[in-house]
Amino acid sequence: MAPPAEVLAVRGLSKSFPGVRALDDVDLTLHPGEVHALIGENGAGKSTLIKLLTGVYRPDAGDIVFQGDKVSFATPLEAQKAGISTIYQEVNLIPLLSVARNLFLGREPRNRFGLLDSARMNREAEQALGAYGVRVDVRRPLRALGVGAQQMVALARAVASEARIVIMDEPTSSLEPREVETLFSVIRRLRDEGIAVVYVSHRLDELYAVCDTVTVLRDGRRVHHGRLADLDRLSLVSTMLGRELGEVRREGLTKFTGGHHATDSRPVLEARGLTVPHTLHEVSVSIRPGEVVGLGGLLGSGRTETAKAVSGALPTSSGSITVAGIPLRGGSTPAAIRAGISLLPEDRKSEGIVPGLSVRENISLAVLPRLSRFGLVSEARVDSIVDTFVERLRIKASSPRQKVGELSGGNQQKVLLARWLAMNPKVLLLDEPTRGIDVGAKAEVQKLVDELAADGLGVLLISSDLEELIEGSDRVVVLKDGAVVGELTGDEVTEDKLMRTIAGHSPDGDAVEEAATDG
Amino acid sequence: MAEAALRTAPLDKARALQWLQKYGVYAGVALLLVVNIAITPHFLSAENFRTQAVQVAPVIIVALGMALVIGTEGVDLSVGAVMALAASVTALYLGYGLVPALLVVAVFAAAVGLANGALVALVGVQPIVATLALMVGGRGVALVLLPQLQDLRNPQLASLGSGDVLGIPYLILIAAGLALLVAFVVRRTTFGRQLLAIGDSRPAAQLAGLPVRRVLILVYVICALLAAVAGVLATARLQASDPTSLGNLMELSAITAVVVGGTPLTGGRVNIAGTVAGAVLIQLLTATLIKHDLPPSWTQIAQAVVIVAAVYAARGRGKR
C-alpha cells in the first residue's frame, strides 16, 4: 500500500536574525494522521520553525508545500484559515468573554438576521467541549475556568476550525495528569481523523506516549528524523544535547545524585500549622540544612500556596515560622527575605523576571540595597556579583545588558536563581524550577540544587515532574486539599509510594480513613 | 534567543520604527530648529532662545516628575493643581521671607504627593483616579487660600524669576540641574532601579522583596515637589500669584512631553533626555505656529499629530 500523500512538505527552510542563524536548511514532512514530535533544546529552532509554518515569520530560503501547493502565509490568521492551527504554551484566548464566545471567536453562528445566535452557539460549545471531557457552564467567562480547562478550550477551538495540521507547543505545561490523559485521547482521535499533529514538549514520557515520528533540531539544524520507536530515551536525549551516549547513561536522566545531604542538626526552617483560609490547613514542614525536601501532591493541593505562605507572599491566619531557630515576624516578603528565605516562583514570566530590565539589573534586583551606600549603587560591586553568577550558573546572554525577556526559559530561570543566591539565603523554595526549560538547562538547574544543598542550604522542591521530585528529594511531604497527608522518608521515596499517598493510602498501604470518608 | 530577537516583520519597518522611537524626538527638535532658522524672521537670536527656554523650563520640571510616575506605570493628573497650590501658598507666606514661604510650599506639595502615593500604594486606587481627586481638590484648596490673582512685590522672588548667571536665566539653570539630578537618580540609585522594576513587573518586584509601597509613595511625593518648584518659578516670573489659571492643562503638557520623549506608558522605562527634548519639541512647535500667525487651535492640532506619531512609534515596544 502506498503511503498517503503528505499533507506538509518543508524543504530547505532557513531563517536568520541579526547575528544568529536560527534555522538552517531544515526539512520536515508530515503525513495525514501522523503525530510528529518536534524536539530540541531552547534555541534549537523549534519556535522559529513553528513561526515560519504559521506565518509569523517569512523564511529567508526554502519552500513550504501544504496539501500539494506551495504556500507563503502572511499572517497566522491566513495559516489558520488554510488549515494549520497552533496551540501555544500560554493560552491565548480572551479571559473576559464567555467560554462559548471564545470557542467560536471569529466564526460565530448567526441567525437569519445576521445577529449572534447565542442559543445555538452555547449548545454547540457544550457538545464540542463535552467531547474533550470538559463539562462547564459555557456561558461563564473563560477566566473562571482552571488553566487546564482553558487549554482544552484552546484545543477544541483549534480543532473545530477544520485544521489539517495542529501544532501544539508544550500543551501540557499547565495540565494536571488527568487532563494530560484527555489531551492524549484527543490527539489519538485527531490521528484517526487523518489530522497531522506536531507535538512540542520537553517531557519524554509524553513524547513516547503519543508520537509516531520525531524530528530533532539542534542549533538550527535537523540532526535526526525518523520513527520515534526506533530511538530509545537515552539516544533521544544524547541526540538532542549532542553528547555521547555513554556520558548521558552514566549521569542518568536527571542530574540529581540522589544522595542524602542532610547533616544531623536542627532545622533551618520550621513552619508549623500554617493556615490560610480555604487554602491551607495546618501545614507543617521542616527542613534541615543541606536537605532537599520535596512537596508532593496534585495541582491545587496547596504546594505553591505553602511555598508562598512560607515566603510571606501569602498572608496566613495562623501558624509560625522559624528560620535557624529565630521566629519570623511580620509575615511580609521583605521580612522573610531578610531572614534568609528565598522563593523561586512558579510563574517565572509574570512573577519572577522583570522582562524589560537587563540580566544585570535582574540579578542585582534583590541584593541592590546591600550593594549601595546612601542609596547610590556601586556599579563595580554590581558588576562583580553579576559576573560571578553569570559564570557560575553559565547564563547565556549576549551581554549582561541584554533584556531578560529575550532570553530562553532556562536562562531566565538561572537569572532568577542568581538573584536569590546573591542574597546568600538559608532556605531556597523552588516552585517548579525546571518547568518549561530545555533538557540541558534542566540538568544544570538540578545539578545546582544538589550543589546548593551540599553547601548547607535548606531546599524545598516543588515539581510536577515525578522523576525530578523523587530523585531530587531526600524527603517528600505529601499534600492533598491543602493539608499534609503523609511524609515519605528514606527508602519510601519512590514514585509508587508517592502515588499511593496522593491517592489516599498511607505509605504502608493502609487506607487513610479521612480521605476515604470525605471523598 | 533568536526567536525573541524580533517580532515584527518586515524587518526594515521594525527598524525604522525603533529608530523613530529612539531618536524621533531629537530629529523633530532639529527639524523645527532648521525650519525656523530658514523661514522665521528674528528666530536666530539670543533673546528669542532665552524666551523659548524660559517658557519651557516649568514644563520640563513638571515633566521630570511625571516621567518617574509614568515609569511606575502610573500617571499624575494633580501636577497643575500643585502648581496653583504653590502659587497660593507662596503669596500667603511671602511676608515671612522667601525661604520660609518655600518651605511651607514644600510641606503642602509633599502632603499632596503623600495623599496620591497613599491612595495608589496603600489603598490600591488606580493612579488616574487617585490623582484626579487631588487634581480637583488641590486647585480647590488653592482657591480657598487665595481666591483671586494677587501681585507679588518681593525683590528676591522677582530675581528668581528674571535673574541670570552669565546671561543664563535661573529658570533654565534650575530646570537643567533638576533634569541632571533626576537622570542620575534613575540611573545610579537603588531607588531608580527599584522604580523601573516595579513599573515593569509589580508582582515580580513584590516577590523579590522590594519596598514597593515606599518607592511608589516616594515617586508621587517627588513628582508633587517638582510640580511645586515649577509653580514657584512660574509665579516668580509672572511676579503674581494666579491660582485660577496657573498650571491649567499642565498635566497634559507634561504627559505629552514624556510620551513624545519615548517613555512608554506601560512603565519600566524612563527616558529623561527624551522627556526634556519632548518638552522642547512641543514648545518649538507652538512657537513656530504662533510666530506665523496661525490661530492657537492649530497648535493643539499639531500637538495631537506629534502625540499620535509618538504613540505609533512606541507601538511595537509598548505591547507585551
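Glycine too: its Cβ is placed from the backbone N, Cα and C atoms.
Remember, TrEMBL labels are computer predictions, not curated facts.
Long-range contacts of the transmembrane segment (B:23-43) within the same chain, counting only residues at least 6 positions beyond its ends with a Cβ under 8 Å from a Cβ of the stretch, are 260-262, 274, 277-278, 280-281, 284-285, 287-288, 291-292, 306, 309-310, 313. As annotated by TrEMBL, transmembrane segment applies to B:23-43 (among others).
Same-chain residues lying 6 or more positions outside the transmembrane segment (B:49-70) and placing a CB less than 8 Å from one of its CB atoms are 76, 79, 83, 127, 167, 169, 171-172, 174-175, 178-179, 182, 186, 195, 219-220, 222-227, 229-231, 233-234, 237, 250-251, 253-255, 257-259, 261, 263, 265, 267, 270-272, 275-276, 278-280, 282-284, 287. According to TrEMBL, the transmembrane segment annotation covers B:49-70 (among others).
Residues or ranges marked as transmembrane segment in TrEMBL: B:129-147 (among others). For the transmembrane segment (B:129-147), same-chain residues at least 6 beyond its ends with a Cβ under 8 Å from one of its own Cβ atoms are 75-78, 80-82, 84-85, 87-89, 91-92, 112, 115-116, 119-120, 123, 220, 241, 243-244, 251.
Residues or ranges marked as transmembrane segment by TrEMBL: B:167-186 (among others). Counting same-chain residues at least six beyond the ends of the transmembrane segment (B:167-186), those with a Cβ under 8 angstroms from any Cβ of the stretch are 46, 50, 53-54, 56-58, 60-61, 64-65, 67-68, 71, 159-161, 192, 195-196, 226, 229, 233, 237, 270, 272-273, 276.
Positions annotated as transmembrane segment by TrEMBL: B:215-234 (among others). Sequence-distant neighbours of the transmembrane segment (B:215-234) (same chain, 6+ residues past either end, Cβ-Cβ under 8 Å): 57-59, 61-62, 64-66, 68-69, 71-72, 74, 76, 78-80, 82-87, 90, 102, 105-106, 108-110, 112-114, 116-118, 120-122, 131, 160-161, 171, 174, 178, 182, 191, 194-195, 198, 246-247, 250.
Per TrEMBL, the feature transmembrane segment maps to B:296-314 (among others).
Long-range contacts of the transmembrane segment (B:296-314) within the same chain: residues 17, 20-21, 24-25, 28, 256, 259-260, 262, 264, 278, 281-282, 285-286, 289-290, each at least 6 residues beyond the stretch ends and with a Cβ under 8 Å from a Cβ of the stretch.
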